[in-house]
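One structure below.
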Amino acid sequence: MIISAYIMPLRLPKPGLRNIDGHLLYLEHAGPHMATLQIVNNVLSSEMTSAGQLVETVDLELFGKSLFIEHIIMITLYDEYIYHETLVHPTLLSLENPEKVLIIGGGDGGALREVLKHPVGEVTLVELDKSVIETVKKHIPEVPGGSFEDPRLKLIIGDGRKYVESCEEKYDAVILDLTDPYGQAVRLYTKEFYSMVRKLIRDGGLMVTHSEGVHVNRVTFQRIYRAIRETFKRHAVAKAYVPSFNDEWSFSFGSDYLVPPELDREKLERRFNERLKGKTRFYLPEIHYALFSLPAYLKAALEEEVPPSTDDNPAEIYEES
């Protein structure tokens, strides 16, 4: 069971585990004025890692085994495939021959799992916190599904921005599977960072990042998209409802060549059938273009004059206008 509690103008209580009337609950901030309470069956692990993050795995009554970082839900067994398939497959199916892929973040292994369904030759994954990988492999192994043992993986434990700043390699696709924009992670959602990523992309390639919920975190979403729009010649937004995120989640794409909604339908269906037929739980060619079909109010929101996320003025989670 999940209880949505709108608490305004009161200050939201601190997030985390709560014992209320003999019930173990998890309180999560879902926005600047919204919190959720979820029934907890069991706490599987809780660790303050060497990277300075609180990493928890919790068995939730509704969503099953779930990963929290700094009290924010990252993935659940119930619906992680919606997020990961939307992040990965529109991106890689837009490419004729995706040889090299870079994932920044992605320590839960879900994006890696989906990338490895494609005929890629090499995947570089740069994760800040090794403990995230170890925790998921131990407590939620269904998500990576053995992907960290794939010989095509080149795993780097380190700062994603520093890697991009010093990287001399080129990639067909760059997938930013990040924690939400708070703390040091805001540096991975700025115009300056996207400009550095752009230099790593081969001709014909593209970048994708999740860009927050389109309702509860509207301003954050707008500012991230604006930064991408001002960096790349081509840009697009997809959205998919992810129940555990309490919102329609946005995915922003940037390219100097082609973005997924511009992909020819015949090519899309052929590539899907050759690479992925029977291997997805959410994504299908029939919904590809629907993911990019935005209602009028969101199209209008993307045209509003908002400041792009920059190093000097980064977008942050739960930002308000």
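Cβ atoms here come from the backbone N, Cα and C positions, even for glycine.
According to Swiss-Prot, the features are:
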| type | residues | note |
| --- | --- | --- |
| ACT_SITE | ASP177 | active site, proton acceptor |
| BINDING | GLN53, GLU127, ASP159, GLY160 | S-methyl-5'-thioadenosine binding site |
| BINDING | HIS84, ASP108 | spermidine binding site |
| DOMAIN | 23-256 | domain 'PABS' |
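Annotated features taken from Swiss-Prot, shown on the structure.
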residue: GLN53; record: S-methyl-5'-thioadenosine binding site; Cβ neighbours (10 Å): 17
residue: HIS84; record: spermidine binding site; Cβ neighbours (10 Å): 26
residue: ASP108; record: spermidine binding site; Cβ neighbours (10 Å): 24
residue: GLU127; record: S-methyl-5'-thioadenosine binding site; Cβ neighbours (10 Å): 24
residue: ASP159; record: S-methyl-5'-thioadenosine binding site; Cβ neighbours (10 Å): 17
residue: GLY160; record: S-methyl-5'-thioadenosine binding site; Cβ neighbours (10 Å): 26
residue: ASP177; record: active site, proton acceptor; Cβ neighbours (10 Å): 27
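The two recorded residues, GLU127 (S-methyl-5'-thioadenosine binding site) and HIS84 (spermidine binding site), show a Cα separation of 16 Å.
A straight line from the CA of ASP108 (spermidine binding site) to the CA of GLY160 (S-methyl-5'-thioadenosine binding site) spans 15 Å.
Put simply, GLN53 (S-methyl-5'-thioadenosine binding site) is 17 Å from ASP177 (active site, proton acceptor) when counted between their Cα atoms. In this structure, GLU127 (S-methyl-5'-thioadenosine binding site) is part of a beta strand by DSSP. Other than the site residues GLN53, GLU127, ASP159, GLY160, same-chain residues with C-beta atoms no more than 8 angstroms from the centre of those residues' C-beta atoms, the S-methyl-5'-thioadenosine site, are ALA51, GLY105, GLY107, VAL126, LEU128, ASP129, ILE157, GLY158.
In the three-state DSSP assignment, the secondary structure recorded for ASP177 (active site, proton acceptor) is strand. Cα of GLN53 (S-methyl-5'-thioadenosine binding site) to Cα of HIS84 (spermidine binding site): a span of 22 Å. DSSP gives GLY160 (S-methyl-5'-thioadenosine binding site) a helix state. Recorded residues HIS84 (spermidine binding site) and ASP159 (S-methyl-5'-thioadenosine binding site) have their alpha carbons 22 Å apart, per Cα-Cα distance.
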